[in-house]
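Chemist: According to Swiss-Prot:
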| type | residues | note |
| --- | --- | --- |
| DOMAIN | 8-282 | domain 'tr-type G' |
| BINDING | 17-24, 81-85, 135-138 | GTP binding site |
Amino acid sequence: MARDYDLKDYRNIGIMAHIDAGKTTTTERILYHTGKIHKIGETHDGVSQMDWMEQEKERGITITSAATTAYWKNKRINIIDTPGHVDFTVEVERSLRVLDGAVAVLDAQSGVEPQTETVWRQATNYKVPRIVYVNKMDKAGADFEAAVASVKSRLGGNAVAIQWPIGSESNFNGIIDLVTMTATTYNGESAEEEFPMEIPTDLLDVAKAKRQELLEAAANFDEEVMMMVLEGADVDIDTFKNTIRKATLTSEFFPVVCGTSFKNKGVKKMIDAVVDYLPSPLDIPPIKAYLNDQETDVVATDDGEFAALAFKVMTDPFVGSLTFFRVYRGVLEKGSYVYNSTKEQKERIGRILQMHANNRVEIDECRAGDIAAAVGLKFTTTGDTLVGEKSPKVVLEKMVFPEPVISQALEPESKAANEKLSLGLQKLSAEDPTFRTYTDEETGQTIISGMGELHLDIIVDRLKREFGVKVKVGAPQVSYRETITKSAEVEGKHIKQSGGKGQYGHVWLKFEPNHDQGFEFIDKIVGGKIPKEYIKPIQKGLEEKMAVGILAGYPMIDVKATLFDGSYHDVDSSELAYKIAASKALTKAKDLIGTVLLEPIMDVSVVVPSDHMGDVIGDLSRRRGLISDQEQRNDGAVIVRAKVPLSEMFGYSTELRSMTSGRGTYQMQFDHYEKCPKNISDEIIKKRNIQNKDEE
């Protein structure tokens, strides 16, 4: 079957923003104008097309990235709507991994906000070209120029206006296109229709000056056009557009457009900018992959061997497990087999679906550039590579996700619900790489871990709604870690030889701090002092002991262990004996290697009216917070940024509401681990040890 659209006519884009900047409404309007939906849904009414989970409809925020396909001016646009709440940063991360371009939505009054910085940084990591859409131009305090300036000052982004607003706040009623030097006005409150108009005389000089700024900024990326500008020659509109496109594709130049999505003003022009300036799959560099540990490139084409990346797994109430994937190369037909080169497993592709939020259309095949979903894959999880059954087993560059920082104990309200709870947790953890679940061996409790309180609230809610399991929830617990601060050489022995088959394991290990490098095991055994078959069990013994810690029962991180000596017994040595010997060595080393407790430190941004700033700063300081920055916003609010231990932030939203009469908001996300102050560390260790004794 031939392609409906050439690869050069594809646009795989994401809509990204701070919570409440209007990105779901913006996506709704794109779908409305491109003919995908016939009735507009409003987020505040709980009927948005893209927010299809019950929790999203109730809370008016986007939790999971819904995918949809739309068409505009002979281009196919695959859109992923991403969450703006930091607890769901993983959704943004995995979406950006498979997108070619993005629209960053800003609030015209607030400009760049805390979560904007986070998603912008993620997009920069993946080198995703962006256009900036300044939304809510009709809002009180809207300031287009200040919003553009905030991208430069706060994000370090080379943002340049390609449009200029006619009026602002309640007087916003038109847009000047700086490329074509034409103007458009709108009909009434909800602007279904656009009308051409002359550029208002009071804005003509401003528009000319801004057009020249735009031309000079874009010309920096095209020597030929730069020469034309320097010589004062005319640059025709097609050349001008091509120059802006070329600049945008470098990810170092960001065209800025404006509008108000809620009232339909500027949305069509924003879609035009997506089509004109964001990349097709052919415009981005080839994707990095590995074949037999050698780096190779995967070039976008239908003709090559099939290669795709699974970027999301979710449970659909009607079809079961859905795996979303982006095709980078080749063609996939329904009914065929693929090979999961990450898991080394064969999978059958029974059905292929194209998604529109939670509606689905069955398709026969998908090709390079497509984003689709497969039904019922058994082994594939987020970040896995899928290749043709008989293709070279390339593995695409992996996706990296942050570790969970907060935990809660769960208990089903009835024992009969245990099985349903287990099934629900298994499915939810398959969907979300930042959600973990395990059973505490000492207490028998089911523990869930995630990125924040809202993240875990949603999990508990989904257990109830989707799996019919009501649970009692314990108080949130901080995910502490243990690490070492000194080096030491330690002997570990596990020797039992008293008749019959004995046990003999004997090792010498050197432990060293391994800051930010995780666990590293080095084998320096020479001369066969320990046979090769026992080296892996020694490493395994250390890993198992590190998982439960040696100080207070928390996982250990950032340790280098070098095996440099030991001995063995011809008859009595075994894998188990060496595992135990290694574990004993680490336990014995506890005091010698300066084991300490680490606590998660959060990056906190609080937005408050300036008259409450002193109270907020004082309160954060009492919570052991270090104030890193304060910034005055145009609307009279202040952003206070601080690094605060997670343990001090429980219940902060209630406290902030009370302190600011409900006018303050905050965002927080994990930043790093830091050594606990001794008095707090001692208290935690004491409490954990008492707990453990009570349970013995």
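Any Cβ shown, glycine's included, is placed from N, Cα and C.
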Chemist: Tell me whether Thr82 (GTP binding site) sits in a helix, a strand or coil according to DSSP.
Modeler: coil
Chemist: Could you find out if DSSP has Lys23 (GTP binding site) as helix, strand or coil?
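Modeler: Assignment for Lys23 (GTP binding site) reads helix.
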Chemist: For Thr82 (GTP binding site), list the number of other Cβ atoms lying within 10 Å of its Cβ atom.
Modeler: 27
Chemist: What's the number of neighbouring CB atoms sitting within 10 A of the CB on Ala17 (GTP binding site)?
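Modeler: I count 29 other Cβ atoms within 10 Å of it.
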